């Protein structure tokens with residue numbers, strides 16, 4: 001039992017749950033002909049990747065100094081891939097009526113790909129500042145995950161705050177509200193380091209902020225998935241008539257670009273670890 005034990009299980013068990021949901025959707029979907037469901041499948045696939053990557057990172061990061069960094073580089077890449085999967089699903093199913101067929105809608109996924117690539121690079125780079133510049137490290141890490149989330153959530157914020165009447169009768173709206181609230185709670189735990197700051201040593205094994213952050217993130221993903229499934233079902237007739245669905249080349253191109261450039265970032269920063277003398281990563285500024 002260590003401080004990482006529950007960090008492993010709070011993402012490993014949800015991975016199997018999301019994988020089961022993904023397989024059940026695959027089983028009832030005509031993948032070849034049902035192009036309307038492609039964004040959902042991409043989203044559900046990426047929702048399986050990030051908890052598995054996180055669980056592996058917390059399991060194997062203790063192997064060595066460089067293994068720790070590389071494990072979390074991969075973890076950041078998986079989280080950002082999930083962000084892109086969310087953007088693809090939002091573009092297909094959750095955009096408010098007023099934003100469909102707008103320039104913003106047309107370039108929404110394109111900019112989400114760019115955000116994913118930049119965020120992966122920024123979060124990987126931040127690890128090199130962990131010891132020497134801890135405040136800058138924390139600021140860059142939070143920024144790396146906050147701004148892609150804010151971009152991806154713009155259509156949700158429009159629905160919740162600018163066009164509330166439009167979706168008042170949509171059952172998915174309540175789930176979008178819950179998702180936003182739980183995500184904010186997860187962000188609070190990630191950045192505040194509570195409750196362990198108030199009672200050092202009392203929450204080393206159970207109840208520390210990163211465990212609570214994990215639980216909140218999984219709950220947020222579960223609620224988000226329910227919201228997307230509801231939007232997909234309830235708005236299908238309107239969307240098929242009024243919206244341009246994402247084509248296979250668009251979806252595949254977005255995922256491929258994200259994978260290529262994010263893996264490029266991860267390889268570049270992993271190689272950089274071996275070019276930096278070990279004391280440099282452990283020497284704290286005075």
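Placed from the backbone N, Cα and C atoms, the Cβ positions cover glycine too.
Nobody curates TrEMBL annotations by hand; they come from automatic prediction.
Summarising the annotation, TrEMBL assigns transmembrane segment to 12-28, 40-60, 72-95, 107-128, 140-161, 250-274.
Cβ atoms under 8 Å from those of the transmembrane segment (250-274) belong to residues 38-39, 42, 66, 69-70, 73-74, 77, 80-81, 84, 88, 109-110, 112-113, 116-117, 120-121, 124-125, 127-128, 281 of the same chain, restricted to positions at least 6 beyond its ends. Long-range contacts of the transmembrane segment (140-161) within the same chain: residues 76, 79-80, 83, 86-87, 90-91, 94-96, 98-99, 104, 108, 111-112, 115-116, 119-120, 122-123, 125-126, 129, 167, 173, 176-177, 179-180, 183, 187, 190-191, each at least 6 residues beyond the stretch ends and with a Cβ under 8 Å from a Cβ of the stretch.
Sequence-distant neighbours of the transmembrane segment (72-95) (same chain, 6+ residues past either end, Cβ-Cβ under 8 Å): 36, 39-40, 42-47, 49-50, 52-54, 56-57, 61, 105, 108-109, 112-113, 115-116, 119-120, 123-124, 127, 144-145, 148-149, 151-153, 155-156, 159, 172, 176, 221, 224, 227-228, 231-232, 235, 239, 243, 245-246, 251, 254-255, 258-259, 262-263, 265-266, 269-270. Outside the transmembrane segment (107-128), and at least 6 residues removed from its termini, the chain residues within Cβ reach (under 8 Å) are 69, 72-73, 76-77, 80-81, 83-84, 87-88, 90-91, 95, 137, 140-141, 143-145, 147-148, 151-152, 154-155, 246, 250, 254, 257-258, 261-262, 265-266, 269, 272, 276, 281.
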